[in-house]
Amino acid sequence: MCWPLLYPLMLGFSISPAECQTPSIYDDVESTREGQEASLRPTVELNESKSPDKPNPRGFPGKPCANNSDTLELPASSEALLLGWVPTRLVPAIYGLVVVVGLPANGLALWVLATRVPRLPSTILLMNLAVADLLLALVLPPRLVYHLRGQRWPFGEAACRVATAALYGHMYGSVLLLAAVSLDRYLALVHSLRARALRGQRLTTILCLVAWLSAATLVLPLTFHRQTFLLAGSDRMLCHDALPLAEQTSHWRPAFICLAVLGCFVPLLAMVLCYGATLRALAANGQRYSHAVRLTALVLFSAVAAFTPSNVLLVLHYSNPSPEAWGNLYGAYVPSLALSTLNSCVDPFIYYYVSHEFREKVRAMLCRQLKASSSSQASREAGSRGTAICSSTLL
């Protein structure tokens, strides 16, 4: 993995002073006239026609105000994209849907998997996937509030770093867990004889630990640098959407490209290979497994459709496009990132509720809960009537 080599860059240390050193506010004073003129010229400038051979910033490129480093100035075009109806209406609507649907769906699925289903290797993987989707629904409300309030973050710097890392951590953790599920199903269906020796709780536990630790390692750099800045000329405290140009150009470009490649493209490639071999094995049996073929194709399509667009836009954002495309690419990336979270609502229905046995267990469990609550309510009503009779007798 290339992340250990990138940590010095992400912490702000430079490997090549000529390329990565963060410029000071003013150049050193030289003895020549050119040096004297250069010493009075700020090196941190906001120029929409910036040379395309320089790395692009993460998010919208912001220019720190001369008298306040906590405030960023944005070009008018970037500010219009940042405050438009897509990030302030569409994105919070998507996040709200994820919370409303994903929280009960994944919570119920996790409950059934943990209490009513035999602890098989596939069950452990699906439980971890349900936990990841459930955690997303729990950490999304702050970002929902942020977008609904017109890009105003009220929870402080630490909460912004945690919320940003959690959002990206869910994305890449989910992709890694989905890749582990595809490997498990490949072993079970294509190598069914060997699977008895390979598929065990030990291998499953290792796969889950690798997925969680890899996701945490990939998003850890997001907690190293400041993420909240005040938008110049307004009361909007931005969270991760606009960052200083000079502080981001040296390390965020390799960091986020590595994040997209290792956290998304490589696991998705593994899923395509595993599910491709699984589909061939199922299709060889004709109509006998037609339902399994359709379901496997749906699982693969949903994962690719959910995670590919946002990560492709992320890579394009760092591939030195024309200066006019910087804001447009990030403006498209924000809703595509929100759309990727919809996968947490889809997972329960294509992995759990599609199974007739699973639905029966859910139905039986809900019926027992309803009967228990009805009997408890009836006993309380009977007790209250008895208390009323005793009270009237005493009177």
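Cβ atoms here come from the backbone N, Cα and C positions, even for glycine.
Of the listed cysteines (Cys65, Cys239), only Cys239 is recorded by Swiss-Prot as the disulfide partner of Cys160. Topology note: Arg194 and Glu360 share a membrane side (same topological domain name in Swiss-Prot).
Between Asn47, Asn67, Swiss-Prot assigns N-linked glycosylation site to Asn67; no such entry appears for the others, which is not proof they lack it. Taking DSSP states H, G and I as helix and E and B as strand, the topological domain 'Cytoplasmic' (115-119) has 1 helix, 0 strand, 4 coil. Away from its own ends, the topological domain 'Cytoplasmic' (276-295) comes close to residues 182, 185-186, 189-190, 350, 354 of its chain (Cβ-Cβ under 8 Å, at least six residues beyond either end). Between the transmembrane segment (255-275) and the transmembrane segment (162-182), three or more CB pairs separated by 6 or more residues in sequence fall under 8 Å, so the two stretches touch. Within the chain, the topological domain 'Cytoplasmic' (183-203) has long-range Cβ neighbours (under 8 A, six or more residues past its boundaries) at 119, 121-122, 124-125, 270, 274-275, 277-278, 281-282, 296.
When Cβ-Cβ distances under 8 Å to the transmembrane segment (296-316) are tallied for each of 94-114, 120-140, 162-182, 204-224, 331-354, the top count falls to 331-354. Counting only same-chain residues six or more apart in sequence, the Cβ atoms lying under 8 angstroms from the Cβ of Cys239 (disulfide bond) belong to Arg143, Tyr146, Trp153, Cys160, Ala163, Thr164, Gln227, Thr228. Using the rule of three or more Cβ pairs under 8 Å, pairs at least 6 apart in sequence, the transmembrane segment (204-224) is in contact with the transmembrane segment (120-140).
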